[in-house]
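Novice: Pasting a structure below so you can have a look.
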Amino acid sequence: MTDNKREKEPFAVYSCADIPKVFSAKEWRTSNTLDIYPSADDVDGERERKESSIATPAFPTSTLRNVSICSLHCVAHRSKRQRNEVSQPASADGGDENADRGNWTGKLDFLLSGLGFAIGLGNVWRFPYLCYRNGGGAFLIPYVIMLGCAGLPLFFMELSFGQFASLGPITIWNISPIFKGVGYAMVVVSALVCIYYNVIIAWALYYLFASFTNVLPWTLCNQWWNTDQCGKTFGVNGTNVTLGVNGTNTTDFTRVSASHEFWTHKVLQLSSGIDKMGTVRWDLALCLLLAWIIVGACLIKGVKSSGKVVYFTATFPFVVLFILFFRGVTLEGAERGIRFYIIPEWSRLAESKVWGDAAIQIFYSLGLAFGSLATLSSYNKFHNNVMRDALIIAVGNCFTSIFSGFVIFSIIGHMSFMLDVPVDKVADEGPGLAFVAYPEAISLLPISTLWAILFFLMLLTLGLDSQFAMMETVITAVIDEYPEYLRPKKSIVVLGLCVIGYLLALPQTTSAGMYWLQLLDWYSAGFSLMVISLCLTIAIQYVYGMKRFSKDIKTMLGFEPPIYFKVCWVAITPALLLFILIFNIVQFNPVTYGDYEYPNWAEIMGLLMGLSSCLLIPLVAIIQVCRQKGSLLERIKAAAQPSPDWGPALEDHRQEMMKVYAGKYGVEVPLEGAPNKGADLPPDYTTATTLPRNDINVPFSVAGQMNGLPVVTKL
């Protein structure tokens, strides 16, 4: 036989190098008579990869059952992705393991990026408020329980999922194409959140620039944005005296703080409703433009650039938090706020709302179901200890939330003392805490300009880390779907997506911008995240299988996950996710902003926005089922099975996976009619007659009766 024109022999042994010369790609995939079996040398790795062989059975192939098991490293049966991503060992100087896609430069790059994503604005402006509202220190009990039973298992599962496949949140669903809609839903949620999250970063930039002055502008009551109700309150011999704009003492009107008027009338220039948009505010629009420029510049080179930026953005908030903590606890009246924050109300533990809030806070705080965790870990090297990283990030996130509470409430306690009002009158959450209560508290500190600059720098870096991760999720999802065309043009993709994000966010810089941001925040990442997480857990732990997923983790780490994770994945976590989903539905309230109630058309728009991501899951599932052949049940089964190219990206790692699976499934499966000793094998893998064609995911023994002859192939 010649190199280029070989006659197709029915009883031949072909090397991997010869296969493409003998069979066309189309013929290889569609042939009904070609039956492929891995040789023992293939699995044991005793021969070099280039010389590993694949043997056809020594009897007429036309009479065989349509069975095909392809070696994990047979180039002729690889998908386009597998043929492109050949084995590329890491260089001695710590270079990329996957040169085509890229890896984090160092282990700390991923760890800090994960910490930066998980530790966001919610740790500072939401957790402390939830803690005092739900029983103070008692709230920490359900919070830690929910972390252990739902947060940490889901966090570890998502990170392992991404690291194993080295793919974006859409393409990774080769694991079970029927669930590919989950990937699309993740990307939609991340994209929606990116649109309004950068507006919050723009606000932080606005306040940061406004802080570079001797007198902080939100302490003044004689500016054009102030009303007659603006005033500063000082405690005088136990009485409250309000100093109005004319310098007169009055007590006959409701005081509105100067910081509140600066926020409402100067920064937002808030209109009376969502339909009263007005014009784009040029100052906010420029801050928003700067925010998108920062994000684009840091992501333009992927993880190579963002992985270095996080060394500052992920660590600086901790520096500021520690500085503010030591300053806060030394302020007069700080103990008021701290007592208010930590004194437990044990009776509150009997309320379901406390447990529901704890579960939801863990969910949002860790950033589950956004697709960002799988995206970040997909740039890890294959054998990175992802379980260690998951523990560090999850526990670090929990610690930061609790520590932030001490920082926030020590200063709020001082504010309560200075204004001589109860702590609950100045405690707030969300933008109200970050841009009203806290700036006012800072204005009461000595050298207030310095503390204002540090605080808003902290808010900026907290927001940027989360924005980096969510934006990288969208970018990676787009590029990994069309790698041949888009990967060489990643800079253009990043630029295009940032421009689109900026244009879509511009309405939030108008006078009705706060109403639009609240609408997006309320619906874009609410119950949809619960649905996505539940589908993710079902797809990986039930459809793909917990045993198989554990073997995948063993391939990466050298050991299977502890029994704690396995029990949570298949029982406890799905039950808690269902509880959170039902709790959210029962506790659902229409969106509001203060006393403003949204019109019906805005409510409908918000609901459709929230449902848009969830509806993609069944829609894509139907499309995937329709693409298959056979009866409805056969189509569903085929769409649920992993695609032929599912598995690690690199060839060497696929061989490692094959050996790990061989250790579990490398037993002789009895002939048809004999007692089935292979009952612990995954579905459809117990006999040769039920094996799906072209599956290369789970290597195992093949046994069957072909043409009257028993055939057993051992791995």
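Every residue, even glycine, has its Cβ placed from backbone N, Cα and C.
Just so you know, TrEMBL annotations are computer predictions that nobody has curated.
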Novice: Between CYS194, CYS230, work out which one TrEMBL annotates as bonded to CYS221 by a disulfide.
Specialist: CYS230
Novice: Would you find the one among the recorded positions CYS221, CYS230, LEU462 whose Cβ has the most company, meaning other Cβ atoms within 10 Å?
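Specialist: Most Cβ neighbours within 10 Å: LEU462.
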Novice: What else in the chain is close to the transmembrane segment (492-516), if you only count residues 6 or more beyond its ends and a Cβ gap under 8 Å?
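Specialist: Counting only partners 6 or more residues beyond its ends, the transmembrane segment (492-516) has Cβ contacts under 8 Å with 191, 194-196, 198-199, 202, 268-271, 273-281, 284-285, 288-289, 292-293, 295-296, 299-300, 431, 471, 474-475, 478-479, 486, 593, 596, 598, 602.
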Novice: Among the recorded stretches 140-161, 280-300, 309-326, 606-626, which has the greatest number of Cβ pairs closer than 8 Å to the transmembrane segment (563-586)?
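Specialist: Going through each listed stretch, the top one turns out to be 140-161.
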Novice: If you measure from the Cα of CYS221 (disulfide bond), which of the binding-site residues ASN397, LEU462, ASP465 is the nearest?
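Specialist: Smallest Cα separation from CYS221 (disulfide bond) among ASN397, LEU462, ASP465: LEU462.
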Novice: For the transmembrane segment (606-626), which partner among 182-209, 309-326, 391-412, 441-462 gives the most CB pairs under 8 Å?
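Specialist: The stretch with the most contacts is 182-209.
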Novice: Can you list the residues of the same chain, besides GLY116, ALA118, ASN123, SER365, ASN397, LEU462, ASP465, SER466, whose Cβ falls within 8 Å of the Na(+) site's Cβ centroid?
Specialist: LEU115, PHE117, ILE119, GLY120, LEU121, GLY122, GLY367, THR400
Novice: Please tell me whether the transmembrane segment (358-379) and the transmembrane segment (309-326) touch - that is, whether there are at least 3 C-beta pairs under 8 Å between them, with each pair 6 or more apart in sequence.
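Specialist: No, the transmembrane segment (358-379) and the transmembrane segment (309-326) are not in contact.
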